[in-house]
Amino acid sequence: MADPSVEVPFSIVTQPQVIESTAMSEPQCYYNETIAFFYNRSGKYLATEWNTVSKLVMGLGITVCIFIMLANLLVMVAIYVNRRFHFPIYYLMANLAAADFFAGLAYFYLMFNTGPNTRRLTVSTWLLRQGLIDTSLTASVANLLAIAIERHITVFRMQLHTRMSNRRVVVVIVVIWTMAIVMGAIPSVGWNCICDITHCSNMAPLYSDSYLVFWAIFNLVTFVVMVVLYAHIFGYVRQRTMRMSRHSSGPRRNRDTMMSLLKTVVIVLGAFIICWTPGLVLLLLDVCCPQCNVLAYEKFFLLLAEFNSAMNPIIYSYRDKEMSATFKQILCCQRSENANGPTEGSDRSASSLNHTILAGVHSNDHSVVLKGTEGSKREPHTAKVAMDEQ
């Protein structure tokens with residue numbers, strides 16, 4: 001028989017050990033720590049004073065931010081004042097300009113809270129600084145995806161502009177910004193490494209490795225989806241254009257209008273992917289390749305991403321003559337001739353385009369009856385296609 005006296009000290013000794021073990025298993029959070037604490041743990045350099053290079057970078061960054069905000073504001077005003085742009089595709093372009101304008105604000109805030117000024121940030125203000133950039137990126141990506149879907153629908157229906165109502169466009173824009181704000185706020189509301197200090201990122205010392213992997217893969221997959229959509233569109237348009245060239249006698253200028261707008265959108269998407277993909281890949285390397293010196297390239301790729309927000313107005317100026325003319329009228333304080341509505345000539349052009357496209361698509365296999373609708377001069381004429389049963 002065991003001695004009962006042995007059981008008493010055993011229970012007395014093990015109970016505190018269980019309590020101590022439970023206490024040690026609880027995660028420790030560092031909300032009250034300084035930013036320098038997180039930077040030192042991640043090994044990221046935190047400047048203590050301004051040097052010449054830092055001042056030049058800050059000056060260049062602020063200049064670019066001001067240009068971004070003014071240029072994208074010009075795009076939004078141009079689409080507002082020119083009634084020829086009052087179609088869903090241009091509303092989405094205006095929303096993309098709004099996202100780039102917001103990016104300019106986010107980078108402007110970053111410029112004044114970087115370098116030695118980073119030390120003065122609290123955990124909350126640092127997360128706000130990064131969250132603004134994340135929100136602007138998400139808004140841009142979501143806008144580009146919405147534009148890709150809109151172009152896919154219109155091209156496969158052989159229309160220049162979709163018949164989506166203004167109310168639906170507003171709903172799409174609200175959804176885009178809601179998603180952008182939520183994605184930007186996720187690290188602030190919990191998905192960070194403040195309570196999991198061993199899994200902090202090197203590039204973003206308060207961000208969790210798992211969040212950065214999710215963030216990078218989410219955006220890269222979205223890029224791939226958009227590229228696939230546009231590849232499908234171009235393949236379809238090329239096939240139909242070849243058939244139209246053989247069977248349609250309509251003006252070639254009208255047939256090229258859709259392709260011109262499509263190419264402009266694709267150039268915008270291409271510039272975005274080129275500017276943002278290196279930074280997203282760098283985030284993945286930060287987590288998956290500990291021996292890689294990702295911090296050496298961080299500032300360069302961040303600057304490349306910042307320049308992207310300034311590219312779209314430049315692209316519009318070179319690719320869209322109507323947009324370029326509207327820019328000049330606004331800058332010269334001239335009233336646009338299309339401010340009160342599109343001209344009759346533009347209505348005829350849009351109507352002719354729809355008739356030409358539809359006739360060219362169906363003339364090879366079906367008999368076509370095109371009936372232009374009568375009514376308002378503000379909207380392009382619609383076309384009805386009656387196909388014989390095979």
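Including glycine, each Cβ sits where the backbone N, Cα and C put it.
TrEMBL has this to say about the protein:
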type	residues	note
TRANSMEM	56-82	transmembrane segment
DOMAIN	71-316	domain 'G-protein coupled receptors family 1 profile'
TRANSMEM	89-110	transmembrane segment
TRANSMEM	130-149	transmembrane segment
TRANSMEM	169-191	transmembrane segment
TRANSMEM	211-237	transmembrane segment
TRANSMEM	258-285	transmembrane segment
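Listed as Cβ neighbours of the transmembrane segment (130-149) (distance under 8 Å, sequence separation of 6 or more from its ends, same chain) are residues 89, 92-93, 95-96, 98-100, 102-103, 105-107, 109-110, 172, 175-177, 179-181, 183-185, 187-188, 204, 206-207, 215, 219, 222-223, 225-226, 229-230, 265, 268-269, 272, 276, 305, 309.
Here the transmembrane segment (211-237) has long-range neighbours at 134, 137, 141, 144-145, 148-149, 151-152, 155-156, 186-187, 191-192, 201, 203-204, 258-259, 262, 266, 269, 273, 276-277, 280-281, 283-284, 286-288, meaning same-chain residues at least 6 beyond its ends whose C-beta is under 8 angstroms from one of its own.
Per-stretch counts of Cβ pairs under 8 Å to the transmembrane segment (258-285) identify 89-110 as the leading one among 56-82, 89-110, 169-191.
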